[in-house]
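Working notes, structure below.
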Amino acid sequence: MTTSTFTPSQEQAYATHPEKKIALYYTVTGLIFLLVGVLLGPLQALNYAGIDVYKYLPFLKSYYQGLTLHGVLNALVFTTYFICGILLYLPARELNLRPNLKFAWFTYWLMNFGVVLAAIAILGNNASVLYTFYPPLKGSPLFYIGAALLVASSLLVGGQTIYMWTGWKRQHPGKVTPVTTYMSVATWFMWILASLGIVVEVVVYLIPWSLGWTPTVDPLLARTLFWYTGHPIVYFWLLPAYVSWYAFIPRQSGGKIVSEPLARLAFGLFLLLSVPVGLHHQFTDPGISNTWKLIQMCLTFAVAVPSMLTAFSVGASLEYAARLKGGKGLVGWMGKLPWQDASFTAQVLAMTSFIFGGAGGMVNASMSLDHVVHNTAWIPGHFHITVGTATTLTFFGMTFWLLPHLTGKKLFSPKMALASCWWWFIGMMTFALGMHWEGLLGIPRRAHIAALPAEQLAQYSQNAHIPMVLTGISGMLLLVGAILYYTVVAGTLWGNQRDVKNAPEIPFSESLTPTESRRSVRVLDRLWLWFGVAFLIVLGAYLPVILPMLHNPTLVPGMRLW
Ligand code: HAS
Ligand code: HEM
Ligand code: CU
């Protein structure tokens, strides 16, 4: 990219901080992929209302091709781009360092290359394997190679952030890492440890097998490696939202971070406990000892603790800000929060959805209860108010200041931005109600129920009439929310008045009390050490599960069911 192709105002926008441009590209590319994925969502919601729209779509060969696109683009692609954008940019700005831009652009283009490969496979109907790509379903090698490149590029971005932080540490001996950087770096360390499973699964097993170099694959081992990464990946999606809730929301609501040490403790705990819990996705899998399922169940309850800390800590920051403005009463203070600010409101609505998402997660984590809800519509109900709202709506909220900050352009229609987040929130809460309810009535997930023979569909409709109607309506509410949101994004990016000087700054919040001298903060700051401890815990929780699988492999050939 040479600056000569820019208009003068563009040059001005990026002159002082060229890293703004890479952050913009990462986040906006993520949002574009999300748009494609999200447009398929309402069709799936209609399926769960018994209405089949898929048959009218000539470009999709099956429900599963659409569902693969939806899951991959939304959960894997959008999140990864967006997170790479912000978790590189925010620490760089907080530490006042410039990332190596050549390298950053290289990782961006590598990621694009990977996603294009995977997209060719999915769009050509050669990888309708869903975003979990469980073998023995066998997709085109392009899909697995693309996925590997996506993960590899994210790890390179993480490595670059850690490298930058290590350099800062060396130059500032004895200083405690500023809190946003601390949270970002802890997240990257967690992701590096977490990604090991999927890297081994894809590189060692699936790529050679899909290329025909090895004739068979072990589905149980592959699933176990997948969920080794598949659980902590949800914290890779959640923790960047927590960064914003802890570090930016206090300032955005007019207050301060009431307990910065607690924020650091929460991230330290996530680093230690996010990974050794993946078996809670495999409670019904045969061939894994119940003892280890139970141990990982208990560890799952433990990893909910830092989220509960977050609920109280972020809640306290909100209350502190509201009381500063004269808020009174047990709940009356909430009225003093800046509900007219779309960025703030989007994120508090995201938090609210997560209270229910978290509660449902505890149900799933309880082995005996999971047997009731596993593989039913309850599960998509759960994760649309976690990744689909807690994460996605928080990211929407962040873009309302981030895009103006990066481009120097004004937010297009703050009113529409505010409306879009309410539509999204109400849509997702309705969706979650409908889908959780359908699940309890035994309707399976990943099922093209609208295409069932009429008598069978009528049975579902009779038993689950209300939740099916709710789910159908929610899809339409969400479509409106998405249209409003993307209008705001497009309007902002295409608006041509740049006012770089008056662009919003990053809303870094102050801490209520000084934390530099706290012993606990200094101990938590030794992230390399905690990374090592986390690795040992993971070995303890996973070696006894994986070693028996390596000794008694169950090898099967691949199959293509679509
Ligand atoms: Fe989950 C399945 C358990 C969190 C995503 N989860 C999934 C799947 C996805 C997913 C995508 O144990 C499906 C995978 C598939 O395709 O098969 N989940 C949990 C538990 C938690 C949890 C225990 N999940 C998440 C997050 C996700 C996510 C976060 C994405 C971002 N999940 C499970 C289990 C399964 C599962 C089983 C497998 C089920 C099966 O059978 O297949 C915990 O981390 C949750 C802890 C959260 C809390 C809530 C804290 C609340 C906060 C908000 C505070 C609000 C405030 C607002 C301050 C304890 C922090 C105040 C408001 C004012 C107005 C003032
Ligand atoms: C699956 C609807 C947005 C991630 C589903 C399903 C429905 C749905 C009905 C279940 C399909 C099935 O089990 O057969 C919607 C609607 C959306 C939306 C109406 C908004 C317009 C999102 C967002 C994300 C997301 C924003 C994540 C960022 C997923 C994932 C799956 C899924 C990971 C699982 C795919 C699978 O089982 O393989 N969606 N969704 N969705 N959705 Fe969404
Ligand atoms: Cu999980």
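Start at 1 and count along the chain as shown; that gives each residue its number.
From the backbone N, Cα and C atoms, a Cβ is placed for every residue, glycine too.
Lifted from TrEMBL, the feature list:
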| type | residues | note |
| --- | --- | --- |
| DOMAIN | 1-517 | domain 'Cytochrome oxidase subunit I profile' |
| TRANSMEM | 23-43 | transmembrane segment |
| TRANSMEM | 63-91 | transmembrane segment |
| TRANSMEM | 103-123 | transmembrane segment |
| TRANSMEM | 143-165 | transmembrane segment |
| TRANSMEM | 185-207 | transmembrane segment |
| TRANSMEM | 227-249 | transmembrane segment |
| TRANSMEM | 261-279 | transmembrane segment |
| TRANSMEM | 299-321 | transmembrane segment |
| TRANSMEM | 342-363 | transmembrane segment |
| TRANSMEM | 383-404 | transmembrane segment |
| TRANSMEM | 466-488 | transmembrane segment |
| TRANSMEM | 527-550 | transmembrane segment |
Check: Most CB pairs under 8 Å with the transmembrane segment (383-404): which of 227-249, 466-488, 527-550?
Finding: 227-249
Next item on the list: Answer yes if the transmembrane segment (342-363) and the transmembrane segment (227-249) have at least three CB pairs under 8 Å among residue pairs 6 or more apart in sequence, and no otherwise.
Entry: yes
Check: For the transmembrane segment (63-91), what are the same-chain contacts with Cβ under 8 Å, counting residues 6+ beyond its ends?
Finding: 19-20, 22-27, 29-31, 33-34, 36-38, 40-41, 43-44, 47, 54, 57, 99, 104, 107-108, 111, 115, 118, 122-123, 125, 127-132, 147, 150-151, 153-154, 157-158, 160-161, 164-165, 180-181, 184-185, 187-188, 236-237, 240, 243, 387-388, 391-392, 395, 398, 402, 446, 448, 451, 506, 562
Checklist line | Stretch contact, the transmembrane segment (527-550) with the transmembrane segment (261-279), Cβ-Cβ under 8 Å, 3+ pairs | finding: yes
Next item on the list: Grab the pLDDT values for the domain 'Cytochrome oxidase subunit I profile' (1-517) and give me their mean, rounded.
Entry: 96
Note to self: Against the transmembrane segment (103-123), which of these stretches has the most C-beta pairs under 8 Å: 143-165, 185-207, 227-249, 261-279, 299-321?
What the structure shows: 143-165
Notebook entry, point to check: In the same chain, who gets a Cβ under 8 Å from the transmembrane segment (261-279) while lying at least 6 residues past its ends?
Noted result: 179, 182-183, 186-187, 189-190, 193-194, 197, 224, 227-232, 235, 239, 242, 246-247, 288, 292-293, 296-297, 299-300, 302-303, 305-307, 309-310, 313, 515, 518, 520-521, 524-525, 527, 530-531, 533-534, 537-538, 540-542, 545
Next item on the list: Would you mind listing the long-range same-chain contacts of the transmembrane segment (143-165), meaning Cβ under 8 Å and 6+ residues beyond its ends?
Entry: 76-77, 80, 83-84, 87-88, 91-92, 95, 97, 99-100, 103-104, 106-108, 110-111, 113-122, 126-127, 129, 133, 177, 181, 184-185, 188-189, 191-192, 195, 198-199, 202-203, 206-207, 210
Checklist line | Long-range Cβ neighbours of the transmembrane segment (466-488) (under 8 Å; 6 or more residues past either end) | finding: 31, 35, 38-39, 41-46, 48-51, 396, 400, 411-413, 416-417, 419-424, 426-428, 430-431, 433-435, 437-438, 441, 460
